[in-house]
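Enquirer: Got a structure for you, questions after.
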Amino acid sequence: MNNIINGKKLAEEIIVKVKAETTKLRNNYNIQPSIAVIIVGDDPASQVYVASKNKKAEECGFLSIKHVVSKETQEKELLQLIATLNSDPKIHGILVQLPLPTHMNTSRVTQAIAFQKDVDGFHYINVGKLAANALENAIIPCTPAGAMIMIEQQCGRDLSGLDAVVVGRSNIVGKPMAALLTAANATVTIAHSRTRDLDDVCRSADILVAAVGRPQMIKKDWVKNGAIVIDVGMNRIAAPEKGVGKTCLVGDVDFENVKEKAAAITPVPGGVGPMTIAMLMVNTLKAAMRSHNLPVPKL
């Protein structure tokens, strides 16, 4: 039995729906969803991520605008750019690619984005709506939103009676992931690298989400037979078998061994990653529709 969750396939199914809704928007209301992506500096990894987001946005029929600013730019200037985009009614989504240079305050920058245009879901108003289970009006962070769809595909929307463990407590993944699982009636434990007897805690999970940023930390004997395992980690490690100086991407889960016990598991790459970008497109579409007081469809 193939127990590997194909994130690429699932993401493409979502993108097809986004394209269809975008076509309706343009044909019926002459509205084109738009996203402004700000990148500070010339970090190669950030350039790759932004290029993939822009490409997917254009594929969906969105207007995608990239703002590249120098890494020497002062925070005040970046905040001025964000303020300009906030006040532009033709811009529906704003995203600042992280990480930022050390002289900039990440929280101050992300909180400067109007919460209605915060397609990453990082603004405290969106965080509060998620915590209050006001999901219909919140913008949900993309990675947890994508992971949740994968879980629902395996377990259904009501997770009553299931124990979920989220390993990782970041504001970007761990905490919002726990909130979404709680909203779906799972019994949720948030664990992290300092949790006592972490292996035992993980073994209690019917649904195990790994988002701790440690390569292949979750071992086979940490996982219950038949568990659903969602690997959010993305770590680059040495791969000498590929040649001198070569590397490869791995998750936080020892995939090759854990897949023998899991009922379903996401690979890295090709699992949660494609879903993250797909949910960014969903968030942008929803932001565009809300800005025109249009009903938002379930995607």
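Backbone N, Cα and C define each Cβ position, glycine as well.
Computed from a predicted structure; not experimentally measured.
OK, TrEMBL features for this one:
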| type | residues | note |
| --- | --- | --- |
| DOMAIN | 5-120 | domain 'Tetrahydrofolate dehydrogenase/cyclohydrolase catalytic' |
| DOMAIN | 141-290 | domain 'Tetrahydrofolate dehydrogenase/cyclohydrolase NAD(P)-binding' |
| BINDING | Gly168, Arg169, Ser170 | NADP(+) binding site |
Enquirer: Average the pLDDT scores across the domain 'Tetrahydrofolate dehydrogenase/cyclohydrolase catalytic' (5-120) and report the rounded value.
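Expert: Here the mean pLDDT over the domain 'Tetrahydrofolate dehydrogenase/cyclohydrolase catalytic' (5-120) amounts to 96.
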Enquirer: Starting from the Cβ centroid of Gly168, Arg169, Ser170, which together make up the recorded NADP(+) site, report each further residue of the same chain whose Cβ lies within 8 Å of that point, ordered by sequence.
Expert: Val166, Val167, Asn171, Ile172, Val173, Gly174, Lys175, Ile190, His192, Ala211, Val212
Enquirer: In the domain 'Tetrahydrofolate dehydrogenase/cyclohydrolase catalytic' (5-120), how many residues does DSSP put in helix, strand and coil?
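Expert: Helix, strand and coil residues of the domain 'Tetrahydrofolate dehydrogenase/cyclohydrolase catalytic' (5-120) number 61 helix, 19 strand, 36 coil.
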Enquirer: Using DSSP, break the domain 'Tetrahydrofolate dehydrogenase/cyclohydrolase NAD(P)-binding' (141-290) down into helix, strand and coil residues and give each count.
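Expert: For the domain 'Tetrahydrofolate dehydrogenase/cyclohydrolase NAD(P)-binding' (141-290), the helix, strand and coil counts are 59 helix, 30 strand, 61 coil.
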Enquirer: Show which residues of the chain containing Ser170 (NADP(+) binding site), separated from it by at least 6 in sequence, have their CB under 8 Å from its CB.
Expert: Ala211
